[in-house]
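Engineer: Quick one: the structure is below, questions incoming.
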Amino acid sequence: MFLKCSLFVEKERRVKANSREYNDKFLYADNRIKTSKYNIFTFLPVNLFEQFQRVANAYFVVLLILQLIPEISSLSWFTTIVPLVMVLVITAVKDATDDYFRHKSDQQVNNRKSQVLIRGSLQKEKWMNVRVGDIIKLENNQFVAADILLLCSSEPYGLCYIETAELDGETNLKARQALSVTSDLGDVSKLLNFDGKVICEPPNNKLDKFTGTLNWRGNKYSLDNGKMLLRGCILRNTEWCFGMVIFAGLQTKLMQNCGKTKFKRTTIDKLMNTLVLWIFAFLICMGVILATGNTIWETWIGRGFEMFLPWTKFQISTVFSGFLTFWSYIIILNTVVPISLYVSVEVLRLGHSFFINWDVKMHNRQTNTAAVARTTTLNEELGQVEFIFSDKTGTLTQNIMVFSKCSINGTIYGDVYDEFGHRMEITEKTACVDFSYNLLSDGAFKFYDNTLVEAVKQKDPAVQEFFRLLALCHTVMSEESEGKLVYQAQSPDEAALVTAARNFGFAFWARTPESITVCEMGQVVTYQLLAILDFNNTRKRMSVIVRDAQGRLRLYCKGADTIIFDLLDPSSTDLMHTTSEQLNEFAGEGLRTLALAYKDLDEEYCDVWMKKFLFVSAVLENREDQLAALYEEIERGMKLLGATAIEDKLQEGVPETISKLNLANIKIWVLTGDKQETAVNIGYSCNMLRDDMTDVFVVSGHTLTEVQQQLREAKERILSLSRVSDARNDEENDMFADDSVFEEAIITEYALVINGHSLAHALEPQLEIVFLDLACLCKTVICCRVTPMQKAQVVELVRKHKRAVTLAVGDGANDVSMIKTSHIGVGISGQEGMQAVLASDYSFAQFRYLQRLLLVHGRWSYFRMSNFLSYFFYKNFAFTLVHFWYGFFCGFSAQTVYDQWFITLFNIVYTSLPVLAMGLFDQDVNDQNSLRHPSLYKSGQNNLFFNKRQFFLCTVHGMTTSFLLFFIPYGAFSVMVKEDGSHSSDQQTFSITIATSLVIVVSVQIGLDTHYWTAVNHLFVWGSLAMYFAILFAMQSDGLFGVFSNIFSFVGAARNCLSEKSVWLVILLTTAVCIVPDLFVRSIRASLFPTQTDKVRQLQQSCKSQRPEEQNLRRARRTSSRRSAYAFSHQEGFGELITSGKNMRTSRVSSTCSYERTAPSSKWIENVIKRTNAVSCISFGSPNKQHQSLKQPDRLNC
């Protein structure tokens, strides 16, 4: 169905409710999703196509075809087809296993149940059977099955609340409201008769935009994003709602943002393709040389041998003989790239993946979650990462806000001191304040300073007013759940502040559109709510105007301190300076700060102001600006109460991890859906942003021209400052040249912060290069308010224009697109579902494990794979090119030097296990030093261990070794005689001598290349040597010759050859000449030109415990930046929603028009207060009376 739908391009979508027949004619996609790559029919062709993108696989198929031609093949065809099939099968099984889990995940989602209105009633249907136009019912805490138009809900006015964490990473609640004409369709019979037609935009990936119209009963109604519930959202605080499916399955906005699953290949894989082409060209050159030699030899010398070596019927001329010889040598010399190389590479990658899975230091005990390598093909790529793209919420932070400290009337509360007056560090063992005396306290709240509790108990007026403000000035809703008072806040910031007030004796109880009820120190008090001066990004503050028990009018305000301080009364100047210094201290500790102030209002002035407020609220033109001016008018002249300091709790070890990754020269970009203020504050907390940076550029233009100008100005400033500092940096480099290599510093000169709407322009073709150049000049890049697709576009931009390995890490469905787009995707198994994990290549529980994944496992994997490949090419060139030299002495006849069994077993048995052991277990430095010296990681980024130059050196080394392996025995055998005086000149003895020398030389060489010896290494190296001699004597024994005389023709050769002392002297001489020069070069290089790795190894071996880099990993302390905690995650509009009463359910019990929002019941209130002393319930009279006397309190029966 989706295939058919995708063939025609939608210009607009037309959907009719309850009419599958009408909607089916448009061939819309069903609600089935598919993230897998293959199915049962496409697996074999698609997988083989992907595998044959490896040049080597195609190369071996060509060789196999050549080996099937008997006239040119001197080797059996099974020597190629068996290992080739093994490689293809192993890789196919691995790919099939990975895709099986994708299918399993898809089935799990597709088989979820949803209530669908079909055939006259609500029936449970699988998600995959939901169709466009269907009306579905959602219940509280359920995932939204498709992109639906909200029709009605259990809340008044068709309101509902959703959590969009999987779309934008935000866990704060968002409100959606149905059209008024559909908000009363709560009955199934009414919904069955609903036949509205929606005409809207076609499927797209814009999460924050939707345009359309609803045609119903002859009228048209405008639709926008505020009336849509998108797939991936969760219904919260709403008993039920009904919606009409507009987009389904792969056409939903969530799936449109997910991107496609890509076939990922490592940098080494791509390099190997190039090298195989080089080797093939080299192989052709050698074949041409030997074929030309054969033609010349047959012309000048070969004709004299035709008497006893006649030509076959195919050899019609010397030129044709050379042609056949060319192909024969292509087959013989093909072992320069043996198929066993690729088998070994797959085994190594599998082993490295198991090491990641088994690493107990990456296992999270709290959630019992281990690290998982979900792919085996990208391990060495982990050692070459240059760019990390990270989500914020759930990845860097826990999205948990904690009331940490506060300043009240110039006094700081929250620090803990010992008996000597020294500030103590707060740890898990530090004793918490005992709130058991407060029956309304939240047991999860923790505070450590008892002096604040004492101040509350002593009824300090400033302290009580401080917490009264926190209990009144907010948009939190309360409800009763399982006998407990539960808060539902649209942002975690507000929840933390209201919870703090609750624990210190000022518990927010309930609200109506006209009142707020608070339990103050055991008394339930109701305040009349006159107005909420709502928050927006420009005001960065919120205020409420309330009337207290005595009829006094008071304005309470909280917001960004930089804004609040400008509105204070001059009498608060001294307190403002004191509080400002304290805010500097809070900000230096990475806390999110917020200032609190109040103002007593005159009744007459308030009446006049309220009339202006009501008038301006109804104005159509320029209403926002007029309201802002009116708000500021009444907020001027406030008195400062103090400030709060909230900690946005980071994931454990995030600052240290980022510092180490910075030392490893890895650039970290944060791509988040959060607001700019939130992201910037987290940047400071994580040490990604620092006050000592040269500059932090903020790009916030709304047009292409504005963004272009801001980007260019920032780039020009960086370049101009760099020119000035270049000379100074050169002097500093000279000064530090003699210092220890371990003295490193984090150079965070510049940072870039860009908003989502600006990023959309920056990613345009005419600006993307300017944006990328500027971003790469900055140490830190933070992109705020970005959509999932924009995340993928940023990653793709870096991949496209920078030759660098990228890694994306996230924990929600909104991160899936960038995880799929990057070279390496890492999923955090957090609170936002498993979508990111299922789409990832690697997964673990916390961000801090990323440093071990990259700096230890990644660096080791790259180091091991590089050494493995260098050694493998060396030994195979040394093994194979002996045939090339021998060709000049055998008439270019394509005769092999070695016994055919030796050729077959050399890479499979004699040398396979030692190189596998080195590739699996070798390490240049241990894991502690890998983490202690992150700069070692730069070798992988610069591709120093294995590149074209290293390949050239190891091939030259192999060619030199092959030359010595052939000509030293050749020269010795020409003059050497046995003990009985006979010559040792037979071909079999010569072959065994070269073969034995070769096995010993490559075994010694791997010993030199191995940095870390284990018992397995010793077993495999010495065991392989022993295996060689055991098989050699067995295959050349009389017994096997007697049974298989045609196969084992070297009968007795090994026994006769290796019993001669002179042969052993030749072997030892050959080994020494091959090894000693390399040993000498290694010693000179390590002594005169040591690398940083050499120095760390020397330090490791001497067991010194110097840690010179630790000072750079300490958390930076800020001294000047202050940010408002409130302005971060709060949203505009909730104040108006509360005062309108639209989000409050009308009570069906009371005869009066009262409102409640799942508020705690009176019976529950009585039960709680029965356990305390008798309290008073204070209420108020008419707000119109200027002087109002306090009514007699209604005594609760306690």
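Every residue gets a Cβ built from N, Cα and C, even glycine.
Just lifted these from TrEMBL, have a look:
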- 15-81: domain 'P-type ATPase N-terminal' (DOMAIN)
- ASP391, THR393, ASP811, ASP815: Mg(2+) binding site (BINDING)
- ASP391, LYS392, THR393, GLU494, PHE535, LYS558, ARG592, THR672, GLY673, ASP674, ARG785, LYS791, ASN814, ASP815: ATP binding site (BINDING)
- ASP391: active site, 4-aspartylphosphate intermediate (ACT_SITE)
- 837-1091: domain 'P-type ATPase C-terminal' (DOMAIN)
- 1100-1121: region 'Disordered' (REGION)
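What's the neighbourhood like for these features in this structure?
Structural biologist: Each residue of the domain 'P-type ATPase N-terminal' (15-81) gets a DSSP state, and the totals for helix, strand and coil are 31 helix, 2 strand, 34 coil.
Sequence-distant neighbours of ARG785 (ATP binding site) (same chain, 6+ apart, CB under 8 A from its CB) are THR672, GLY673, ASP674, LYS675, GLN676, ASN755, GLY756, HIS757.
Counted within 10 Å of its Cβ, the other Cβ atoms near ASP391 (Mg(2+) binding site) come to 30, all protein chains included.
Over the domain 'P-type ATPase C-terminal' (837-1091) the predicted model carries a mean pLDDT of 88.
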Engineer: Rounded to an integer, what is the Cα-Cα distance in Å between ARG592 (ATP binding site) and ASP815 (Mg(2+) binding site)?
Structural biologist: 26
Engineer: Which residue, of the binding-site residues PHE535, GLY673, ASP811, ASN814, has its CB surrounded by the fewest other CB atoms within 10 A?
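Structural biologist: Comparing Cβ neighbour counts within 10 Å for the binding-site residues PHE535, GLY673, ASP811, ASN814 gives PHE535.
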Engineer: Using a 10 Å cut-off, grab the number of neighbouring Cβ atoms around the Cβ of ASP815 (Mg(2+) binding site), all chains included.
Structural biologist: 35
Engineer: What is the separation, in Å, between the Cα atoms of ASP815 (Mg(2+) binding site) and PHE535 (ATP binding site)?
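Structural biologist: For ASP815 (Mg(2+) binding site) versus PHE535 (ATP binding site), the Cα atoms are 29 Å apart.
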Engineer: So if I draw a 10 Å sphere around the Cβ of ARG592 (ATP binding site), how many other Cβ atoms end up inside it?
Structural biologist: 29
